[in-house]
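As given in TrEMBL:
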- 12-31: transmembrane segment (TRANSMEM)
- 38-58: transmembrane segment (TRANSMEM)
- 64-84: transmembrane segment (TRANSMEM)
- 105-126: transmembrane segment (TRANSMEM)
- 132-150: transmembrane segment (TRANSMEM)
- 171-189: transmembrane segment (TRANSMEM)
- 201-221: transmembrane segment (TRANSMEM)
- 233-253: transmembrane segment (TRANSMEM)
Amino acid sequence: GQGGHSYLQEWLWWAGLLCMGVGEAANFAAYAFAPATLVTPLGALSVLVSAVLSSTFLNEQLNVHGKIGCILSILGSTVMVIHAPQEEEVSSLESMAEKLKDPGFIVFAVCVLVSSLLLIFVAGPRCGQSNVLVYVLVCSAIGSLSVSCVKGLGITLKELFSGKPVLKEPLGWVLLVCLVICISVQINYLNKALDIFNTSVVTPVYYVLFTTAVMMCSAILFKEWQHMVLDNIIGTISGFLTIVSGIFLLHAFRDMPFTSDLLPLFL
(Lines of atoms letter the chains of each structure in order from A and count residues from 1; the text may use other names and numbers.)
(Lines give C-alpha, C1' and ligand atoms only; values in the text may rest on other atoms or scores of the structure.)
Protein backbone atom coordinates (compact mmCIF):
# COMPACT_ATOMS: atom_id res chain seq x y z
CA GLY A 1 0.00 0.00 0.00
CA GLN A 2 3.01 2.31 0.29
CA GLY A 3 3.85 1.91 -3.40
CA GLY A 4 6.93 -0.29 -2.89
CA HIS A 5 8.44 -2.88 -5.25
CA SER A 6 8.71 -5.85 -2.88
CA TYR A 7 6.66 -7.94 -5.31
CA LEU A 8 9.80 -8.17 -7.49
CA GLN A 9 11.19 -10.66 -4.95
CA GLU A 10 8.24 -13.05 -5.34
CA TRP A 11 8.63 -15.93 -7.79
CA LEU A 12 4.86 -16.11 -8.21
CA TRP A 13 4.79 -12.55 -9.53
CA TRP A 14 7.47 -13.39 -12.10
CA ALA A 15 5.58 -16.54 -13.10
CA GLY A 16 2.45 -14.47 -13.61
CA LEU A 17 4.41 -11.91 -15.61
CA LEU A 18 5.78 -14.70 -17.83
CA CYS A 19 2.29 -16.05 -18.47
CA MET A 20 1.07 -12.56 -19.31
CA GLY A 21 4.02 -12.17 -21.67
CA VAL A 22 2.97 -15.30 -23.60
CA GLY A 23 -0.57 -13.96 -23.85
CA GLU A 24 0.62 -10.55 -24.98
CA ALA A 25 2.77 -12.21 -27.67
CA ALA A 26 -0.42 -13.63 -29.16
CA ASN A 27 -2.03 -10.22 -28.71
CA PHE A 28 0.96 -8.72 -30.53
CA ALA A 29 0.30 -10.99 -33.51
CA ALA A 30 -3.37 -9.99 -33.53
CA TYR A 31 -2.51 -6.28 -33.74
CA ALA A 32 -0.39 -6.99 -36.81
CA PHE A 33 -3.35 -8.38 -38.76
CA ALA A 34 -6.47 -6.67 -37.41
CA PRO A 35 -7.63 -3.16 -36.46
CA ALA A 36 -6.72 -2.10 -32.92
CA THR A 37 -10.32 -0.96 -32.39
CA LEU A 38 -11.33 -4.62 -32.76
CA VAL A 39 -8.44 -6.32 -30.94
CA THR A 40 -8.39 -4.20 -27.77
CA PRO A 41 -12.07 -4.57 -26.73
CA LEU A 42 -11.81 -8.34 -27.23
CA GLY A 43 -9.40 -8.28 -24.30
CA ALA A 44 -12.58 -8.36 -22.22
CA LEU A 45 -12.67 -12.09 -22.88
CA SER A 46 -9.53 -12.45 -20.74
CA VAL A 47 -11.47 -10.91 -17.84
CA LEU A 48 -14.24 -13.42 -18.44
CA VAL A 49 -11.81 -16.36 -18.51
CA SER A 50 -10.15 -15.07 -15.33
CA ALA A 51 -13.51 -14.99 -13.57
CA VAL A 52 -14.32 -18.56 -14.61
CA LEU A 53 -10.88 -19.87 -13.63
CA SER A 54 -11.03 -18.03 -10.29
CA SER A 55 -14.38 -19.63 -9.58
CA THR A 56 -13.03 -23.07 -10.52
CA PHE A 57 -9.56 -23.12 -8.94
CA LEU A 58 -9.62 -20.40 -6.27
CA ASN A 59 -13.13 -21.15 -4.96
CA GLU A 60 -14.26 -17.60 -5.61
CA GLN A 61 -18.02 -17.26 -5.88
CA LEU A 62 -19.43 -16.20 -9.24
CA ASN A 63 -22.82 -14.73 -8.36
CA VAL A 64 -25.74 -13.90 -10.64
CA HIS A 65 -24.29 -10.47 -11.47
CA GLY A 66 -21.02 -12.12 -12.52
CA LYS A 67 -22.75 -14.66 -14.76
CA ILE A 68 -24.82 -11.93 -16.43
CA GLY A 69 -21.61 -9.91 -16.86
CA CYS A 70 -19.94 -12.87 -18.61
CA ILE A 71 -22.88 -13.23 -20.98
CA LEU A 72 -22.90 -9.50 -21.76
CA SER A 73 -19.14 -9.55 -22.44
CA ILE A 74 -19.57 -12.37 -24.96
CA LEU A 75 -22.53 -10.64 -26.65
CA GLY A 76 -20.71 -7.31 -26.83
CA SER A 77 -17.59 -8.93 -28.28
CA THR A 78 -19.68 -10.68 -30.93
CA VAL A 79 -21.36 -7.42 -31.95
CA MET A 80 -17.99 -5.67 -32.18
CA VAL A 81 -16.58 -8.42 -34.41
CA ILE A 82 -19.60 -8.16 -36.74
CA HIS A 83 -19.29 -4.36 -37.05
CA ALA A 84 -15.48 -4.12 -36.91
CA PRO A 85 -14.01 -1.05 -38.67
CA GLN A 86 -11.53 -1.29 -41.51
CA GLU A 87 -8.26 0.55 -41.04
CA GLU A 88 -6.28 2.21 -43.82
CA GLU A 89 -3.79 -0.19 -45.35
CA VAL A 90 -0.33 0.16 -43.79
CA SER A 91 1.94 -2.41 -45.39
CA SER A 92 5.42 -0.92 -44.99
CA LEU A 93 7.55 1.05 -42.56
CA GLU A 94 7.53 3.98 -44.98
CA SER A 95 3.74 4.25 -44.84
CA MET A 96 3.88 3.80 -41.05
CA ALA A 97 6.36 6.68 -40.84
CA GLU A 98 3.95 8.85 -42.84
CA LYS A 99 1.16 7.99 -40.41
CA LEU A 100 3.32 8.91 -37.42
CA LYS A 101 4.11 12.29 -39.02
CA ASP A 102 0.42 13.16 -39.30
CA PRO A 103 -0.27 16.44 -37.41
CA GLY A 104 -3.33 14.98 -35.72
CA PHE A 105 -1.37 12.09 -34.24
CA ILE A 106 1.50 14.37 -33.17
CA VAL A 107 -0.96 16.60 -31.28
CA PHE A 108 -2.55 13.52 -29.68
CA ALA A 109 0.85 12.10 -28.62
CA VAL A 110 1.97 15.42 -27.13
CA CYS A 111 -1.29 15.74 -25.18
CA VAL A 112 -0.87 12.18 -23.86
CA LEU A 113 2.71 12.81 -22.73
CA VAL A 114 1.98 16.18 -21.12
CA SER A 115 -1.11 14.91 -19.30
CA SER A 116 0.77 11.80 -18.11
CA LEU A 117 3.61 13.92 -16.72
CA LEU A 118 1.10 16.16 -14.91
CA LEU A 119 -0.64 13.11 -13.45
CA ILE A 120 2.65 11.56 -12.31
CA PHE A 121 4.37 14.61 -10.82
CA VAL A 122 1.47 16.87 -9.83
CA ALA A 123 -1.67 14.82 -9.24
CA GLY A 124 0.10 11.66 -8.04
CA PRO A 125 1.68 13.04 -4.85
CA ARG A 126 -1.51 14.95 -3.97
CA CYS A 127 -4.34 12.48 -4.58
CA GLY A 128 -2.79 9.29 -5.97
CA GLN A 129 -3.47 7.51 -2.67
CA SER A 130 -7.14 8.46 -2.61
CA ASN A 131 -8.28 8.62 -6.24
CA VAL A 132 -8.14 5.48 -8.40
CA LEU A 133 -8.22 7.51 -11.63
CA VAL A 134 -4.76 9.06 -11.22
CA TYR A 135 -2.52 6.04 -11.78
CA VAL A 136 -5.04 4.22 -13.99
CA LEU A 137 -5.20 7.23 -16.33
CA VAL A 138 -1.41 7.14 -16.64
CA CYS A 139 -1.53 3.43 -17.60
CA SER A 140 -4.35 4.00 -20.08
CA ALA A 141 -2.85 7.04 -21.79
CA ILE A 142 0.62 5.53 -22.16
CA GLY A 143 -0.97 2.23 -23.18
CA SER A 144 -2.59 3.85 -26.21
CA LEU A 145 0.87 4.79 -27.47
CA SER A 146 2.21 1.29 -26.78
CA VAL A 147 -0.48 -0.17 -29.05
CA SER A 148 0.72 2.10 -31.87
CA CYS A 149 4.28 0.86 -31.28
CA VAL A 150 3.08 -2.75 -31.37
CA LYS A 151 1.30 -2.09 -34.66
CA GLY A 152 4.48 -0.65 -36.18
CA LEU A 153 6.63 -3.54 -34.89
CA GLY A 154 4.15 -6.01 -36.35
CA ILE A 155 4.65 -4.43 -39.77
CA THR A 156 8.43 -4.55 -39.19
CA LEU A 157 8.33 -8.28 -38.46
CA LYS A 158 6.16 -8.99 -41.51
CA GLU A 159 8.66 -7.17 -43.71
CA LEU A 160 11.55 -8.95 -42.00
CA PHE A 161 10.06 -12.38 -42.69
CA SER A 162 9.46 -11.40 -46.32
CA GLY A 163 13.20 -10.77 -46.76
CA LYS A 164 13.36 -6.97 -46.65
CA PRO A 165 16.35 -5.33 -44.86
CA VAL A 166 14.23 -3.64 -42.18
CA LEU A 167 16.90 -4.07 -39.49
CA LYS A 168 18.74 -1.17 -41.08
CA GLU A 169 15.71 1.09 -40.71
CA PRO A 170 15.90 3.28 -37.55
CA LEU A 171 12.11 3.49 -37.17
CA GLY A 172 11.79 -0.15 -36.12
CA TRP A 173 14.36 0.27 -33.35
CA VAL A 174 12.78 3.54 -32.20
CA LEU A 175 9.40 1.82 -31.95
CA LEU A 176 10.97 -1.03 -29.96
CA VAL A 177 12.57 1.36 -27.45
CA CYS A 178 9.33 3.33 -27.12
CA LEU A 179 7.40 0.09 -26.55
CA VAL A 180 9.74 -1.02 -23.76
CA ILE A 181 9.43 2.38 -22.07
CA CYS A 182 5.63 2.42 -22.38
CA ILE A 183 5.23 -1.12 -21.02
CA SER A 184 7.57 -0.37 -18.10
CA VAL A 185 5.52 2.71 -17.18
CA GLN A 186 2.27 0.75 -17.47
CA ILE A 187 3.48 -2.10 -15.25
CA ASN A 188 4.83 0.29 -12.62
CA TYR A 189 1.73 2.44 -12.27
CA LEU A 190 -0.74 -0.42 -12.63
CA ASN A 191 1.00 -2.14 -9.71
CA LYS A 192 0.81 1.13 -7.75
CA ALA A 193 -2.93 1.26 -8.36
CA LEU A 194 -3.35 -2.40 -7.35
CA ASP A 195 -1.28 -1.79 -4.20
CA ILE A 196 -3.64 0.93 -3.04
CA PHE A 197 -7.08 -0.03 -4.38
CA ASN A 198 -9.12 -3.20 -4.66
CA THR A 199 -8.73 -5.25 -7.83
CA SER A 200 -12.50 -5.21 -8.37
CA VAL A 201 -12.26 -1.41 -8.69
CA VAL A 202 -9.04 -1.13 -10.70
CA THR A 203 -9.82 -3.78 -13.33
CA PRO A 204 -13.07 -2.38 -14.81
CA VAL A 205 -11.88 1.24 -14.61
CA TYR A 206 -8.58 0.37 -16.29
CA TYR A 207 -10.29 -1.67 -19.01
CA VAL A 208 -12.74 1.11 -19.90
CA LEU A 209 -10.14 3.91 -19.91
CA PHE A 210 -7.48 1.87 -21.72
CA THR A 211 -9.86 0.68 -24.43
CA THR A 212 -11.25 4.18 -24.94
CA ALA A 213 -7.73 5.63 -25.25
CA VAL A 214 -6.69 2.94 -27.75
CA MET A 215 -9.80 3.47 -29.86
CA MET A 216 -9.12 7.22 -29.96
CA CYS A 217 -5.47 6.70 -30.88
CA SER A 218 -6.29 4.19 -33.61
CA ALA A 219 -9.01 6.40 -35.04
CA ILE A 220 -6.52 9.29 -35.31
CA LEU A 221 -3.51 7.28 -36.51
CA PHE A 222 -5.08 4.70 -38.84
CA LYS A 223 -8.32 6.53 -39.76
CA GLU A 224 -10.33 3.43 -38.81
CA TRP A 225 -13.64 5.31 -38.50
CA GLN A 226 -13.29 7.45 -41.61
CA HIS A 227 -15.11 5.13 -44.04
CA MET A 228 -17.53 3.44 -41.62
CA VAL A 229 -21.26 3.63 -42.33
CA LEU A 230 -23.67 4.67 -39.60
CA ASP A 231 -24.92 1.19 -38.69
CA ASN A 232 -21.36 -0.09 -38.18
CA ILE A 233 -20.51 2.92 -36.01
CA ILE A 234 -23.61 2.33 -33.88
CA GLY A 235 -22.85 -1.41 -33.72
CA THR A 236 -19.24 -0.86 -32.64
CA ILE A 237 -20.18 1.66 -29.94
CA SER A 238 -23.10 -0.50 -28.74
CA GLY A 239 -20.87 -3.59 -28.56
CA PHE A 240 -18.25 -1.67 -26.59
CA LEU A 241 -20.83 -0.30 -24.13
CA THR A 242 -22.27 -3.81 -23.71
CA ILE A 243 -18.80 -5.14 -22.84
CA VAL A 244 -18.30 -2.27 -20.38
CA SER A 245 -21.62 -3.12 -18.72
CA GLY A 246 -20.61 -6.77 -18.47
CA ILE A 247 -17.21 -5.95 -16.96
CA PHE A 248 -18.88 -3.61 -14.47
CA LEU A 249 -21.38 -6.26 -13.35
CA LEU A 250 -18.65 -8.87 -13.14
CA HIS A 251 -16.44 -6.83 -10.81
CA ALA A 252 -18.49 -4.19 -9.04
CA PHE A 253 -20.85 -6.70 -7.39
CA ARG A 254 -18.38 -9.56 -7.05
CA ASP A 255 -18.50 -9.62 -3.24
CA MET A 256 -22.29 -9.34 -2.94
CA PRO A 257 -23.93 -12.54 -1.62
CA PHE A 258 -26.58 -12.53 -4.33
CA THR A 259 -27.68 -15.89 -5.75
CA SER A 260 -30.53 -17.03 -7.96
CA ASP A 261 -32.28 -18.44 -4.87
CA LEU A 262 -32.69 -14.91 -3.52
CA LEU A 263 -34.22 -13.58 -6.74
CA PRO A 264 -37.90 -14.28 -5.77
CA LEU A 265 -37.27 -12.55 -2.43
CA PHE A 266 -35.95 -9.40 -4.12
CA LEU A 267 -38.83 -9.39 -6.60
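Just so it is clear, glycine is given a Cβ too, placed from its N, Cα and C backbone atoms.
Annotations in TrEMBL come from automatic prediction, not curation.
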Can you name the far-off residues of the same chain, 6+ from the ends of the transmembrane segment (132-150), with a Cβ under 8 Å from a Cβ of it?
27-28, 31-32, 36, 40, 100, 109, 112, 115-116, 119-120, 123-124, 175-176, 178-179, 182-183, 185-186, 189-190, 192-193, 196-197, 201-202, 205-206, 209-210, 212-214, 216-218, 221
Could you name the stretch, out of 12-31, 38-58, 171-189, with the greatest number of CB pairs under 8 A to the transmembrane segment (201-221)?
38-58
Using a Cβ cut-off under 8 Å, which residues of the same chain at least 6 positions beyond either end of the transmembrane segment (12-31) come close to it?
39, 43, 46, 147, 150-151, 153-154
Under 8 Å between C-beta atoms and at least six residues away from its ends: which parts of the chain pack against the transmembrane segment (38-58)?
23, 27, 30-31, 66, 69-70, 73-74, 76-77, 80-81, 84-85, 147, 203, 207, 210-211, 214-215, 239-240, 243, 246-247, 250-251
